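> I'd like to ask some things about the structure below.
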Amino acid sequence: MNEMTEKPPIIWLNATVFLTTFLIAAVGVPLYAYHVGIDSSLWWIMLATLCYAGISITAGYHRLWSHKTYDAHPVVRFIFAIGGALALQNSALHWSSDHRVHHTHVDDNDKDPYSAKRGFWYSHIGWMLREYQASRYSDYDNVKDLQKDPIVMWQHRHYLALTLGINFGWPIVVGLITGDVWAALLVVGVLRLVLNHHTTFFINSLAHVWGKQPYTDKNTARDNGVLAFLTFGEGYHNYHHIFSADYRNGIRWYQFDPTKWLIRAFSWVGLASGLKRSSGYQVEKARLQMQLQRMQQKAQAAPKTLLETAQQHYDEMAVQLRHYYQARKKLLDTKAKKLREQVNMDALHAQVDELKQAVEDQRRHWKQLMNQLKQHA
Ligand SMILES: [Zn+2]
Ligand SMILES: [Zn+2]
């Protein structure tokens with residue numbers, strides 16, 4: 001497969017769609033804007049359409065169907081199925097199947113459908129231009145659960161009609177309302193589609209190359225705030241590859257993850273339920289472990305005692321963190337169950353406060369240790 005001479009055949013349909021839409025967006029749209037003009041309302045409609053199709057991929061195809069990080073009301077699933085067809089990225093069933101293989105075999109050049117180790121171009125778009133994995137093209141064994149979702153199967157069966165209908169139908173409707181069908185087809189249709197495509201593709205290419213690896217270096221996935229901004233929060237890809245069952249990708253409040261915000265908002269109004277999160281303990285432990293591992297590699301010149309202290313501190317902290325997160329979870333669960341036995345709650349509160357204090361002291365000490373080690377790096 002890797003030899004230049006034995007490249008599999010080109011998928012002409014994909015190649016033609018990607019190339020012509022790109023050329024129309026890059027050349028046709030500016031020419032039309034210059035010679036005829038494009039009404040400003042169309043740009044706003046384009047942006048809204050871009051967001052709708054994009055979020056249908058991130059909140060629907062990705063976090064709902066590929067990873068089952070929450071359950072969604074049929075109305076929401078229907079809206080995502082239409083938006084996914086608008087994004088022109090194959091059916092939810094097919095997309096999810098590919099994506100699950102990507103997660104199980106990440107960076108495996110023969111199995112990962114868009115392995116980043118085969119280069120930027122391949123992971124971005126090249127993998128769709130040739131019959132690289134024709135053998136498993138209609139093998140849907142790893143998405144048996146999704147085959148039970150009637151909306152997924154309905155979209156899969158009628159995918160071609162849906163995608164053509166919505167990709168032409170919506171811009172034409174917009175054009176009839178705004179009075180310029182050609183401009184609407186160019187901007188809301190083609191330019192929007194090309195932006196949808198390449199921002200999603202960035203997750204397979206750029207998010208495996210550019211950014212930080214705070215949680216794991218066992219795969220190429222990176223955390224990147226700029227990409228998160230362009231992809232409705234999917235840029236926190238290092239976190240995502242290690243904690244893929246989490247409905248969040250950006251877990252901090254200041255991280256840009258509108259997909260997470262939307263899912264949470266849906267849960268408030270009963271349109272989503274069963275939102276899954278990783279335990280705070282596992283997340284913090286993974287981060288500390290990475291920091292320690294990195295320091296051990298970098299600061300080899302540091303005094304041995306300092307390195308030993310750091311290792312020991314990590315071991316102790318891991319135990320303490322587990323106690324703290326367990327106690328905190330117990331407190332939250334008790335609160336949720338509304339077991340308002342005053343004495344019990346007071347004791348729990350006191351325990352959590354005490355553990356929190358201890359953990360915070362340890363976090364401070366840890367930072368000092370890491371800074372000390374940094375000086376030897
Ligand atoms: Zn994923
Ligand atoms: Zn990935």
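Quick reminder: no glycine exception, Cβ is built from N, Cα and C everywhere.
All annotation found in TrEMBL is predicted automatically rather than curated by experts.
Remember, predicted model here, so these are calculated numbers, not experimental data.
So TrEMBL has the following annotated:
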- 12-35: transmembrane segment (TRANSMEM)
- 41-62: transmembrane segment (TRANSMEM)
- 43-266: domain 'Fatty acid desaturase' (DOMAIN)
- 74-93: transmembrane segment (TRANSMEM)
- 168-195: transmembrane segment (TRANSMEM)
- 345-376: coiled coil (COILED)
> In the same chain, which residue numbers or ranges, 6 or more beyond the ends of the transmembrane segment (12-35), come under 8 angstroms Cβ to Cβ?
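Same-chain contacts beyond the ends: 88, 125, 128-129, 182-183, 186-187, 190-191, 193-195, 197.
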> Return the average pLDDT for the coiled coil (345-376) as a whole number.
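It averages 89.
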